[in-house]
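K.L.:
This is the feature table in Swiss-Prot:
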BINDING   Gly228, Lys229, Ala230, Gly231, Met232, Gly233, Lys234, Thr235  ATP binding site
DOMAIN    222-539  domain 'NACHT'
REGION    105-135  region 'Disordered'
REPEAT    713-737  repeat 'LRR 2'
REPEAT    741-765  repeat 'LRR 3'
REPEAT    769-792  repeat 'LRR 4'
REPEAT    869-892  repeat 'LRR 5'
REPEAT    930-953  repeat 'LRR 7'
REPEAT    1004-1026  repeat 'LRR 9'
REPEAT    1031-1058  repeat 'LRR 10'
REPEAT    1138-1161  repeat 'LRR 11'
REPEAT    1493-1516  repeat 'LRR 16'
REPEAT    1578-1600  repeat 'LRR 19'
REPEAT    1605-1628  repeat 'LRR 20'
REPEAT    1687-1714  repeat 'LRR 23'
Amino acid sequence: MDPVGLQLGNKNLWSCLVRLLTKDPEWLNAKMKFFLPNTDLDSRNETLDPEQRVILQLNKLHVQGSDTWQSFIHCVCMQLEVPLDLEVLLLSTFGYDDGFTSQLGAEGKSQPESQLHHGLKRPHQSCGSSPRRKQCKKQQLELAKKYLQLLRTSAQQRYRSQIPGSGQPHAFHQVYVPPILRRATASLDTPEGAIMGDVKVEDGADVSISDLFNTRVNKGPRVTVLLGKAGMGKTTLAHRLCQKWAEGHLNCFQALFLFEFRQLNLITRFLTPSELLFDLYLSPESDHDTVFQYLEKNADQVLLIFDGLDEALQPMGPDGPGPVLTLFSHLCNGTLLPGCRVMATSRPGKLPACLPAEAAMVHMLGFDGPRVEEYVNHFFSAQPSREGALVELQTNGRLRSLCAVPALCQVACLCLHHLLPDHAPGQSVALLPNMTQLYMQMVLALSPPGHLPTSSLLDLGEVALRGLETGKVIFYAKDIAPPLIAFGATHSLLTSFCVCTGPGHQQTGYAFTHLSLQEFLAALHLMASPKVNKDTLTQYVTLHSRWVQRTKARLGLSDHLPTFLAGLASCTCRPFLSHLAQGNEDCVGAKQAAVVQVLKKLATRKLTGPKVVELCHCVDETQEPELASLTAQSLPYQLPFHNFPLTCTDLATLTNILEHREAPIHLDFDGCPLEPHCPEALVGCGQIENLSFKSRKCGDAFAEALSRSLPTMGRLQMLGLAGSKITARGISHLVKALPLCPQLKEVSFRDNQLSDQVVLNIVEVLPHLPRLRKLDLSSNSICVSTLLCLARVAVTCPTVRMLQAREADLIFLLSPPTETTAELQRAPDLQESDGQRKGAQSRSLTLRLQKCQLQVHDAEALIALLQEGPHLEEVDLSGNQLEDEGCRLMAEAASQLHIARKLDLSNNGLSVAGVHCVLRAVSACWTLAELHISLQHKTVIFMFAQEPEEQKGPQERAAFLDSLMLQMPSELPLSSRRMRLTHCGLQEKHLEQLCKALGGSCHLGHLHLDFSGNALGDEGAARLAQLLPGLGALQSLNLSENGLSLDAVLGLVRCFSTLQWLFRLDISFESQHILLRGDKTSRDMWATGSLPDFPAAAKFLGFRQRCIPRSLCLSECPLEPPSLTRLCATLKDCPGPLELQLSCEFLSDQSLETLLDCLPQLPQLSLLQLSQTGLSPKSPFLLANTLSLCPRVKKVDLRSLHHATLHFRSNEEEEGVCCGRFTGCSLSQEHVESLCWLLSKCKDLSQVDLSANLLGDSGLRCLLECLPQVPISGLLDLSHNSISQESALYLLETLPSCPRVREASVNLGSEQSFRIHFSREDQAGKTLRLSECSFRPEHVSRLATGLSKSLQLTELTLTQCCLGQKQLAILLSLVGRPAGLFSLRVQEPWADRARVLSLLEVCAQASGSVTEISISETQQQLCVQLEFPRQEENPEAVALRLAHCDLGAHHSLLVGQLMETCARLQQLSLSQVNLCEDDDASSLLLQSLLLSLSELKTFRLTSSCVSTEGLAHLASGLGHCHHLEELDLSNNQFDEEGTKALMRALEGKWMLKRLDLSHLLLNSSTLALLTHRLSQMTCLQSLRLNRNSIGDVGCCHLSEALRAATSLEELDLSHNQIGDAGVQHLATILPGLPELRKIDLSGNSISSAGGVQLAESLVLCRRLEELMLGCNALGDPTALGLAQELPQHLRVLHLPFSHLGPGGALSLAQALDGSPHLEEISLAENNLAGGVLRFCMELPLLRQIDLVSCKIDNQTAKLLTSSFTSCPALEVILLSWNLLGDEAAAELAQVLPQMGRLKRVDLEKNQITALGAWLLAEGLAQGSSIQVIRLWNNPIPCDMAQHLKSQEPRLDFAFFDNQPQAPWGT
């Protein structure tokens, strides 16, 4: 027994343990490596006896402390076959703290370190603690070599039998397959590169381990960063490098050191390089300084590897980086150990800024298919299950995609190794569907068969979760209970290593074998532990963004935790979790449901690309189809992925989710590092419609993988592969794959640096892609010869419609033929031939070869090529090197190339000499519409028009029309040709040659010339004026910016005499804008046949042309008297009519006088306009004087002293009235007399407008005094002149002195109007309207005085003048006149609140006799008519009548006053009053009043509220009014009793002439009363009973009652139900009514039978003037009957909606033709289709014609509109809701100028287009008096309608009728 055994106190137990372990020395060695990672198991121990070696190893374990010893004992009991009695003794003795003696613990701790870590860690002192010893060079070299050998030996010992992962199965240790490595093309020289690792990675160039380091001195970067996602094998590769170096493969390095940041993070102090190497790795046996000096001197042969750079702790405060990161930074930058090589491994993320910009970046991309197969072969080498494993991987696509991650591939192999012997082939699909179940099966595989240690798993999971939450990945023995350490070691869940934080500070650390395993165990704990509730659980289900640089500085440790939680939420995992949860299946189910619910919420949110990928992983792990479907459907149509790495597993997961989606999706991968085999994951994804990749990482291998996937994507329409490194090899794969994708519509290979031949290879597939619309080959530099080859492809390929090449751009646009699916499936050769045949028939090609360095010989080749090709839409060769010859060749070829739209030769070096050649070359080109050449701007553009035979189809013409109208009037129709030679430096010497070259163009169409921006000067302008007649009829000539003087400009005015085509000359002198134009409508829009040929439109435009005046517009020009004199002298010979428009900054009085003096010399002048011209205050008087001096002036309009217009009569017009407008001219009182004196010299002034001046009250007073001298016969407008009530009262006082004033109106409110209307003769009666005058009480007496003196004033209206009831009563009492009638109308807000009683009380105060009273509460109006002098009533008679009134004292007094005042009352009107609100007191008073009104002739009570009792009172009063001639009770709703009372009141009313009972409900009893009373009314002239519910029986009785009414003139029975029977009775009596003038039977259900009888009767009504029979089914028979003999005095005929046809309507029209009295006709809503409604003879009085909704078409409208000229009085034409088109509009536009009284035309809901509307606008412009033409709901685009309305406001396109005011002066 050794001493230790003796001290244990149980020698027998120790011996048993030694004997047990001696049987399995390999197991003990493995445990020694686990618990003592740096233990040296060298050959020196092999000489010992096996039992002694075991004792030595146990001693080493024992001295580590109780935790290690207890963990070891637990491992012994778990893993070895220990007898039960021995296991109990071992656990009871050593398995707990009390079994470990403190003495031995102390003894173990006191042993020297060399015994603890023999062979690896030698005791040493720090580098700085020993004095420097002098050694010779040889000794230094020996020491260094000894250390280097020690370093290599220690590495050999470490990797002798395994790679990292101690305790794992043997198979794990032997398998190593290098992953795919790709080197980045650029280093970290940008912040983006530092963040992500540069995404521009070479594809297809794998990097081997030996290639990672460039050993050439001073060549390449010294720092290498290895980037790879979790599980890619970064740590494994780092240890592999150490192993390779230990085996002598990396001879370029003498020393290699490997550090892990997870351990370095534990260092809290700053380290020197020697401390890093010797204290934390391996210390020399002696003389550390000498060894370090050697390493420093040979640093270029030293390799430092840092694993887990992403785990480096970033600085948290302002103190800078941590100690280890600082040291790492200095090593990378070369400030420490300069020249050494540094390699760091990291996950993609935000890397520290300390990395140098030139650091080499290498990406680890995991396994591709061959590597997975190789790994499986190695793993299962020499095992019978190898083939089975390969089969499983081949059949299980999901498992195969998971194996792209090397760590998962290792786990998958372990699971297959466990599953294959016990399961049938193909079970992996069910057992290993995702990553979570891989780990679950791994746990089951590592567990003892049939036994799952649930508590240990959950406890270890709790440790894992605690580590994730605290950021801890290294655990010590104190952190994990010994049984858990033993459990982790036994099941290969934990790995151990030596943690050295300084000299002498070393201890064993534990970590989970992989971070993902730690996350999986944490997820197990969360899902199965009873300590965790579901609310806590859901907090861990989050999505982590991979854009780490934007969110956090360090990658999280729980990135996969949500994925594992989602995977454990799968139903498949429930039995496993329930077992872990001790059978608590309900709790597990609730947690699973909670996880799924969180994922459902996340699925419906808008997520970034990285989170979408994370979500897809989580959803895919759940294996829930419903959740997958929800996620797939919630993904956006455009799904972008930008600037974050994606693996093949990511894309495979995305594909799995998309399988649950129905709608197509667009995937865009921009800047995402992708593995070369990534596209394989998209195989069979039928939901992808657009697929786009943009990454330098994509190369040939990527393209090859993509070519295999593309044919399987059935919906793919767009493929983009931009910015890649694809070569010819990769493109060849894609070219072979593209024809297998016939559904592709767009393909992009932008920015791929493709060669010429590769580009040509690509375009070869164009005929094989029948639906392709776009091919983008931009940013792939090609030569000119290749470009011409591509042009040939564009010409020959039948589907290409555009080739666009400009510098880097190269794009094909195609128009695939419309083909069915069956056609697409036919043989390719048949498709190609069909396509060529169709293309030859209809294709047009656009060719844009801009800035392509084309020369003259290239142009020749291109012309030859294009002549063989299809029609060309556009050819753009701008920016090349064609020069004069090349441009000439292209211009000559233009007519042969059939270019439809544009030829652009800009920026091709054209000279002035070349301009002439080009002009001659295009002279014979019939289709040229415009040529624009500007040598200064290097512009040469040819615009072409379609040939006439190519313009087919009405739809094309309509589309052309709309486009034309949108351009009017500034743009040109296709029939014109415009030649623009601008900024070409042309001088006078060039003109003759130019005009010769232009001669051929002048005869091809209407020519527009533009010579602006040249250098013609005065000589050139004069010479051009001589040459212009030789050029024929131009449409316009632009001479702007040619340096002309004022003399030359005025000289151009002579062209009016020499050029017949010149209609308008616009000159802006200062800006040198000079434009000569013809008539804009004489461009002959129908010349080419491109527009419909309307004879009416052509005739109308011809008429317009004859009437259009010539116009000279001269602006920005100094208008001095000499210039004006010369100008007028030049204009003498100008043919007329002439409009002269002048504009300058200021026009002096002398210049204005000169201009006005010259007016008599210009008899052809029709308009003189001074716009935007400053005029002096004297100008109003100068202009006013012209009204008398120049008889041709008919209107002067001066506004604001800046705008003046003079309108002149033509020579044919007779002298007539004139008008003057002087608004906003600052006229005040001092100017009034002078102005009135000048106006008094006029013969006849129809209107004078002095509004918006400064007259004030004093100026107005002065003006009113001068009024008698001014011969005004129309309107005087003085609005907006700052007047007050004083002026209103003065106007009243001056009315007696103004005999010709007929009406005056004053509004002092916001309207501020003051208008006086005159007549030519003295007016007997005058009307004055005063509104919002705010009269005060003191004004009432003055108002009354004025009214009393103005005896000719017969009517006064006071609207809202602040007169209360009291003031109104005073006014009525004060007004007194000698004799005559006077009406006062008051409208005040209080009138609607005042009762009838109070209003009658006001009337009682009148001084004259009240003859009429009218009260309307809702209109707030009281009207009183007074008669003077007042006739006093006999007091005794009044007292007698009062005695019979049952009224109170106050009411009796009021009745008495009324009886006196209203004794002569003849009319009492009450409208919309309420007689119920005062307990019938008003009706009682009215009863009393009616009893006294012996002269009352008219009583009206309409639309009012009266109680039954009140009606009885009124009926009683009315019963005594025996002289009543008119009774109106319409629009009331009385009950039957009240109605009967009123009917009884009609008894004895034999003098009644007019009776209106409309809307009263007349039942049989009330109607019987009425008919009985009617039979007594022999004087009745008008009876209105509309809407009284009268039937045929009632009509029969009514007819009998009317037999005696021989004086009846009007009968209105409309909208009853009399029917044919009632009409029959009525027809029998109508001939007996000889005075009948108006009958209205509309809406009475009369059919054609009744209508015929009625027509026969009406023929006998000789005096009939108005006949209204609408809304009855009369039909043509009735119309024919009426037409046989219409009454000769007929004025109004209304037959709307009468079921008339063309025959009936035409018969009526013929009967009405030439009717001298007809004023209105309505045939609306009848069918006139095919009928021609025409009037041949004049209808002199016809004012309105209504033909709404009569199905009138263009043909019918032609004759109808021609008839309108026979109706000189026509004011309203209603043609809405018909079928009128542009032809009808043209006809109407032709007659509009001839209709002087027409005010309104309704053309709503027709078929008029923009052309028709424009023609109507042109018709309005001819001086029509029309106020509005309504065009709502015609097929006119909104923008076009707005444009037309801006040009002509009287065109109304709105739904509501917004009629503008008529133009002033009409």
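Glycine too: its Cβ is placed from the backbone N, Cα and C atoms.
What you see is a predicted model, and the numbers here were worked out from it, not measured in a lab.
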K.L.:
Please indicate, using numbers and ranges, the residues of the same chain that are 6 or more beyond the repeat 'LRR 9' (1004-1026) and have a C-beta under 8 Å from a C-beta there.
P.N.:
923, 926, 928, 932, 934, 936, 972, 975-988, 991-992, 998, 1032-1045, 1047-1048, 1051-1052, 1054-1055, 1058, 1078, 1083-1084, 1087
K.L.:
Ranking the binding-site residues Ala230, Met232 by other Cβ atoms within 10 Å, which is at the bottom?
P.N.:
Ala230
K.L.:
For the binding-site residues listed here (Gly228, Gly233), which one has the lowest count of neighbouring CB atoms within 10 Å of its own CB?
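P.N.:
Lowest Cβ count within 10 Å among the binding-site residues (Gly228, Gly233) is Gly233.
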K.L.:
10 Å Cβ neighbour count around Lys234 (ATP binding site)?
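P.N.:
Total other Cβ atoms inside 10 Å, all chains included: 23.
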K.L.:
Determine which residues of the chain contact the repeat 'LRR 20' (1605-1628) at the Cβ level, with the cut-off under 8 Å and only residues 6 or more beyond its ends counted.
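P.N.:
For the repeat 'LRR 20' (1605-1628), the far contacts come to 1553, 1558, 1574, 1577-1592, 1594-1596, 1598-1599, 1634-1647, 1649-1651, 1653-1654, 1656-1657, 1668.
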K.L.:
Looking only at the domain 'NACHT' (222-539), what is the model's average confidence as pLDDT?
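P.N.:
It averages 85.
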K.L.:
Using DSSP, how many residues of the repeat 'LRR 5' (869-892) fall into helix, strand and coil, respectively?
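P.N.:
Helix (H, G, I), strand (E, B), coil: 10 helix, 6 strand, 8 coil.
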K.L.:
Under an 8 Å Cβ to Cβ limit, what residues of the same chain, 6 or more beyond the ends of the repeat 'LRR 23' (1687-1714), are close to it?
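P.N.:
Distant Cβ neighbours of the repeat 'LRR 23' (1687-1714) are 1637-1638, 1642, 1648, 1658-1659, 1661-1680, 1720-1739, 1741, 1746, 1748, 1750.
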K.L.:
Residues near the ATP site, Gly228, Lys229, Ala230, Gly231, Met232, Gly233, Lys234, Thr235 excluded, by Cβ within 8 Å of the Cβ center?
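P.N.:
What remains near the Cβ centre is Thr345, Arg347, Met364, Gly366, Val405, Pro406, Ala407.
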K.L.:
Which sequence positions outside the repeat 'LRR 2' (713-737), separated from its termini by at least 6 residues, show Cβ-Cβ distances below 8 Å to it?
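P.N.:
For the repeat 'LRR 2' (713-737), the list is 185, 200, 202-204, 664, 666, 668, 682, 684-704, 706-707, 743-755, 757-758, 761-762, 764-765, 771, 776.
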K.L.:
Please work out the helix, strand and coil residue numbers for the repeat 'LRR 11' (1138-1161) from the DSSP assignment.
P.N.:
12 helix, 8 strand, 4 coil
K.L.:
State the count of C-beta atoms found within 10 angstroms of the C-beta of Thr235 (ATP binding site), not counting that atom itself.
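P.N.:
Within a 10 Å radius of the Cβ of Thr235 (ATP binding site) lie 21 other Cβ atoms.
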K.L.:
DSSP on the repeat 'LRR 23' (1687-1714): how many residues come out helix, how many strand, how many coil?
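P.N.:
Final tally across the stretch: 11 helix, 3 strand, 14 coil.
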K.L.:
How many helix, strand and coil residues does the repeat 'LRR 3' (741-765) contain under DSSP?
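P.N.:
Grouping H, G, I as helix and E, B as strand yields 8 helix, 3 strand, 14 coil.
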K.L.:
Where does Lys234 (ATP binding site) sit by DSSP, helix, strand or coil?
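P.N.:
SS state of Lys234 (ATP binding site) = helix.
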K.L.:
How many helix, strand and coil residues does the repeat 'LRR 2' (713-737) contain under DSSP?
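P.N.:
Each residue of the repeat 'LRR 2' (713-737) counted once, the result is 10 helix, 5 strand, 10 coil.
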K.L.:
Taking the Cβ of Gly231 (ATP binding site) as the reference point, list residues of the same chain whose Cβ is under 8 angstroms away and which are at least six residues distant in sequence.
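P.N.:
Within the chain, Gly231 (ATP binding site) has Cβ neighbours under 8 Å at Gly366, Val405, Pro406, Ala407, Leu408, His514, Ser516.
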K.L.:
With an 8 Å cut-off on Cβ-Cβ distance and a minimum sequence separation of at least 6, pull the same-chain contacts of Lys229 (ATP binding site), or say none.
P.N.:
Arg347, Pro348, Met364, Gly366, Val405, Pro645, Thr647
